[in-house]
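Visitor: My questions all concern the structure below.
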Amino acid sequence: CMKAAPMKEVSVRGQGSLVYPGLRTQGNLETLSGPNDATRGLTSLADTFEHVIEELLDEQQVIQPSKENKDADLYSSRVMLSSQVPLEPPLLFLLEEYKNYLDAANMSMRVRRHSDPARRGELSVCDSTSEWVTAAEKKTAVDMSGATVTVLEKVPVPKGQLKQYFYETKCSSKGYAKEGCRGIDKRYWNSQCRTTQSYVRALTMDNKKRVGWRFIRIDTSC
């Protein structure tokens, strides 16, 4: 069950023209990467990537949430404010997915890499696609009270305006979306892949022209 945070102006922090709403960070590149990274001599790009990911996850565990950011877990990594279309999935989204995978696997890094589903030829039950969607494409959404609100395309910031982007995941129009879930015996069971939604925080306007940050529903999984 999700608990709504108080409706207050969300902080925007980041570098350049790419930021996450409500993202709070601690430390800098030196403290996150560690003093001995340059001399460790990792042998491959895969090892380097895994090493950086693990250090970021370790740093995240060290940071203890204070009373001021007790609602930080309600902020979604699927919302981004940017002057242009993001070229990659959100970093926090990748970290969360990777952390969930590590927790589930609970094995050494090298064993995890060789047991990756892609290496074993495993397929998901339902095929899905993910992409960045603009507020102009969404136009409207449903908030936590069930009311339809207008999703604002641009968010004012000290140096101008940034566009709102949403990283949505939905069932693929091809494959097993209509034929049923992969791996289910169709002779005995009926199944269907459906797109499910979650709440993210976005700048919106209600039917009374009141602008504010609200939790709205977007497509997040299949």
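Cβ atoms are placed via backbone N, Cα and C, with glycine included.
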Visitor: Among CYS171, CYS181, find the residue that Swiss-Prot gives as the disulfide bond partner of CYS222.
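Guide: Swiss-Prot lists the disulfide between CYS222 and CYS171.
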Visitor: In Swiss-Prot, CYS126 sits in a disulfide bond; tell me which of CYS1, CYS193 is on the other end.
Guide: CYS193
Visitor: Any idea what DSSP makes of CYS193 (disulfide bond), helix, strand or coil?
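Guide: Where CYS193 (disulfide bond) sits, the three-state DSSP reduction gives coil.
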